[in-house]
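Working notes for the structure below.
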Amino acid sequence: PVYVPTTRVPSMLPSLPYLPSSGSSQQASPVSSHSIWTQPGAESAAYNPGSSHPPVSPRFSFSTSTPIPSTSSRDAAAAYSSSLSLSANGREQYSRGFGSSYSSPYPAYVSPEMATTWTSSPFDSPMLHNLQSRGTPAAARHANIEFFDDYSEGRECVNCGAMSTPLWRRDGTGHYLCNACGLYHKMNGINRPLFKPQRRLSASRRVGLSCANCHTTTTTLWRRNAEGEPVCNACGLYMKLHGVPRPLAMRKEGIQTRKRKPKNLNKTKTPAGPSSSESLTPTTSSTSSSSSATTTEEMRPIKTEPGLSSHYGHPSPISQAFSVSAMSGHGSSIHPAISALKLSPQAYQSAISQSPQASSKQDSWNSLVLAENHGDIITA
């Protein structure tokens, strides 16, 4: 569809063939759609006098700028049909009468100069002519491939003499190298050796070997010294660690292996807990010196849980509740109780919870003092 702005209409009025030449100031309404799809009824109704333009196509609607002045419908129809019969740009096969359902789109509404620019073939462009004037690209491409094939036939690796390779490379002087030699030279900085590296000696080839230092023939691992001579594992490790040859006096007939622990040692070994004689039984010595030494050793603060401090009623350590004289007098009986408390505070807490609680906060300590006076031993 072609939309003509109202500002350009006055300059196009002389070139429109279907308008009368009486000089009446008319303005063409904007065309809504391509007139080739319009029906004859819609075209005849579009030029009724005294009415505004209805939409040319029922699919689109545009408002007109000014209504057409009252002219005879026959004159307008005759002028329009005569314009359709013009053979503009040699298109007689597309021009039909007014009563036909198809009409030529551009000469009726647009000037011939504009119509020729818009109705030109999409292939009539200078770009197409330039593409056609150029040679066929396929032929040039095949020619280049053949040229490179001919040029690459004479290549040869200057190191190993290979004639074919997935990728040709060059060394520092510009000579061609195959992919393997080029990569080796790039990574190591030297030319790739032409012979394959020697494989490790098999078991049959190691039969006649002997250590160059101790002259043994049995070893778990053969090594080489600085001169490249084969040495046994012991001599090689000794030389590596100490920097001097291994003395011949250290030679042994058998191979000394590392004493490794068996894998099932942890499964067969039973866990050894704290001995009951060390933690729960009192000391057998009855001398005062041993009793006083044990008492001073056990005067260290007992580590308890934070929740037990509120049960005791005072933040001071348990060792401060007893005097040195009281503990020294009953060292044989108080020692196992304190050691039991130090080793297992949870067990002592359970023992305290089982004892009857009185209104006083220090009833648990009173029961401990009573048990101590009677010579009883509190066990977990």
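Every residue, even glycine, has its Cβ placed from backbone N, Cα and C.
Taken from Swiss-Prot, the feature region 'Disordered' covers 14-73 (among others).
The compositional bias 'Low complexity' annotation in Swiss-Prot covers 14-35 (among others).
Taken from Swiss-Prot, the feature compositional bias 'Low complexity' covers 58-73 (among others).
For the zinc finger (157-181), same-chain residues at least 6 beyond its ends with a Cβ under 8 Å from one of its own Cβ atoms are 191-192, 194. The feature zinc finger is assigned by Swiss-Prot to 157-181 (among others), with sequence analysis given as support.
According to Swiss-Prot, the zinc finger annotation covers 211-235 (among others). Helix, strand and coil residue tallies for the zinc finger (211-235), in that order: 3 helix, 4 strand, 18 coil [DSSP].
The region 'Disordered' feature in Swiss-Prot is assigned to 254-316 (among others).
Among the features that Swiss-Prot reports, compositional bias 'Basic residues' is placed at 257-266.
Feature annotation from Swiss-Prot assigns compositional bias 'Low complexity' to 275-296 (among others).
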The DSSP breakdown of the compositional bias 'Basic residues' (257-266) into helix, strand and coil residues is 2 helix, 0 strand, 8 coil
